[in-house]
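Student: Once you've had a glance at the structure underneath, I'll fire off some questions.
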């Protein structure tokens with residue numbers, strides 16, 4: 001009997017076995033974790049802070065609520081949510097990568113944020129939380145690294161409370177051709193050089209550029225969220241569509 005063909009997925013522009021991608025992505029983030037915040041500021045000229053602020057403003061989070069910051073990395077969103085939910089609320093900073101989770105924990109504790117934030121190493125495709133548990137879920141620059149995005153979106157839908165909302169902040173497709181060309185030149189020629197200088201790892205930032213190009217565009221991701229069960233899915237193009245914030249509700 002012939003062997004079954006192996007399922008594949010993308011890792012940047014490469015095609016790899018589905019069961020290998022998770023480990024390959026993990027290697028990338030183990031490599032860059034220590035300089036992740038510095039690189040974010042350098043790569044985006046600090047604009048990532050504005051994108052994240054807009055995400056916070058669209059969250060509708062209130063005191064006493066429960067928030068999941070998925071692929072939360074070094075905790076930029078979790079820190080702000082911690083103040084918003086107050087002592088009676090809860091923020092769960094979850095990341096599949098233990099190096100990133102460690103950096104987030106250390107960063108928030110150094111800032112005195114300790115009372116209402118929990119840290120969980122979790123795979124977005126199989127979230128270890130009860131049904132209807134969170135009032136709000138955010139995933140910031142993480143969905144494109146997930147192997148099975150549809151499965152992850154369904155998992156997020158399951159753990160979100162009725163009336164809750166999901167916010168997906170992610171790189172997307174620039175709206176104008178000249179901007180797209182300039183962005184490509186920057187991504188494929190400048191980013192790897194910055195990665196080499198700061199992290200000594202140009203390949204991880206070459207993967208970053210490639211993973212952005214392979215990520216679903218605005219309308220495709222909107223359709224995926226709808227297929228996962230989310231209602232009233234909309235998106236906001238930021239910085240000319242270089243980044244988009246998708247928002248969907250569970251009713």
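Glycine too: its Cβ is placed from the backbone N, Cα and C atoms.
Pulled from Swiss-Prot, these are the listed features:
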- 74, 95, 123, 124, 140: S-adenosyl-L-methionine binding site (BINDING)
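Would you situate these features in the structure and describe their surroundings?
Tutor: Sequence-distant neighbours of residue 95 (S-adenosyl-L-methionine binding site) (same chain, six or more apart, CB under 8 Å from its CB) are 70, 71, 72, 73, 101, 104, 121, 122, 142, listed in sequence order.
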Student: Determine the minimum-neighbour residue: among 74, 123, 140, listed as binding-site residues, which Cβ has the fewest other Cβ atoms within 10 angstroms?
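Tutor: Counting other Cβ atoms within 10 Å of each of the binding-site residues 74, 123, 140 gives the minimum at 123.
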Student: When you look at 74, 95, 123, 124, 140, which the record names as binding S-adenosyl-L-methionine, what is the longest CA to CA distance in angstrom?
Tutor: 17
Student: Relative to the Cβ position of residue 124 (S-adenosyl-L-methionine binding site), how many further Cβ atoms are located within 10 Å?
Tutor: 24
